């Protein structure tokens, strides 16, 4: 069985399971929705007061990309928990004794997480629209492409790490320890242009700083900007690296 | 995949070794294992938990690379051609392989399709397997609603969707009630009798090895320490098994009793001294007399034909049935 049909079979199985218990994707949306409702209006005021890097009238376009990154960091980044459950139940082993490509076992799962995040993105953008987000169509479309790259990278990384760590008690704190600094250093709440130099430098060492700047600039409608290109480049490169790492870990026979 | 020429083994393992690193220590789980399995056999891999049975099984099923040695499984080398091995074998892990939220038929169909079987065919095979393994009527049930025995039969069905000539079952009856166990044994026998499937199962249950298997490989501490049919293994213990349970010091009793004539082997297991003797009844007279003279606190005496546990005890010095995990 070749790679694509095999990946689609795994994807269909994982998707079926998600649809059967849709609680997690819904709960996952809850947190960004709260930010939108309870923090968004404050940010509109802050932007109105004139803050460097936060254009007046663009508060929602500034704020929403951060929430999308947050969705990714608390969704696909934790997707590896499902591989640990499948290791424990023997489901993963059962699939590994078939001749199916090891990469298909990863790809099908990553596809599911990507689709879930894209649906969450659509819901979040719709809610944000209700709160007052206005952005050009192409900018909104680019959000989905950025989000897809983020989902692929984080999900692949998480699945690979799940195979290494193999138990939820260590895995969850490990991911939290990574997610919180990545989130804060990306500048999701306030523009990093306000940061002291050391914090700005630290922030530039993490990928989401570039991704979020790219996403914001895209929503402002400045598609040709080097910031958008850099953001897209970093998002794609990170996704490719994580996918390669995940594939290597899935291909190991000594797991 | 020859079933006619019994000369061609379906499994041939040579010097299989597997070491793990636990912290700074090297643990040898499997230490140079050699054996052959012929097509059409039901082979039992008998040994206590931790003997290396699962590790060996996972090497033979390509899930784990051996540290040394090689194995040819249904004509393909696990090291150089794992893909071919995977196409030709079924494997049912001890933990099973199902998610409680999935349904029986959809998992069977998926599993068949992962082996490259076309959809229509996969649907038909899933229905056939449900019928064969008494799962009819459960096809659309979430797996979490099945009983232990039904769930185990689902696991086994998942290992059979591609009709492999060889299937590995790791501790298939662990956790099942007696009725489900004997049902399962019937299904396993039928696999061989009706479908010519070679069955390689691991177990730490003596009765399972004794009643189900044509041949047994006894494994302990990573090595195969004996092999043969259950009867041949039992014949290695020539004579009868006498068990004497004592109130006092069993080791002192062993020293005293060992002086008696006509004994073959003597071992202590808890408060019980177990001996084998060619003429059990005759030896018993000597033993009782010696026990009396040495003032041993004898509580009970039993004399029996040898069991596989006696074989294991004689081979390893510890009893398998007392080896609780």
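Count begins at 1; order follows the chain as displayed.
Just so you know, glycine gets a Cβ as well, placed from its N, Cα and C.
A TrEMBL annotation is a machine prediction, not a hand-curated record.
Here TrEMBL gives transmembrane segment for one range in the set A:2-22, A:23-43: that range is A:23-43. Among the residue ranges A:202-226, A:227-251, the one that TrEMBL annotates as transmembrane segment is A:227-251. By the count of Cβ pairs under 8 Å, the stretch nearest in packing to the transmembrane segment (A:63-85) among A:23-43, A:138-165, A:177-199, A:227-251 is A:138-165. Sequence-remote contacts of a segment are chain residues at least 6 beyond its ends whose Cβ falls under 8 Å from one of its Cβ atoms, and for the transmembrane segment (A:138-165) they are 61, 64-65, 68-69, 71-73, 75-84, 87, 106, 109-110, 113-114, 116-118, 121-122, 125, 171, 174-175, 211, 214-215, 218-221, 223, 228, 231-232, 235-236, 238-243, 245-250, 252, 255.
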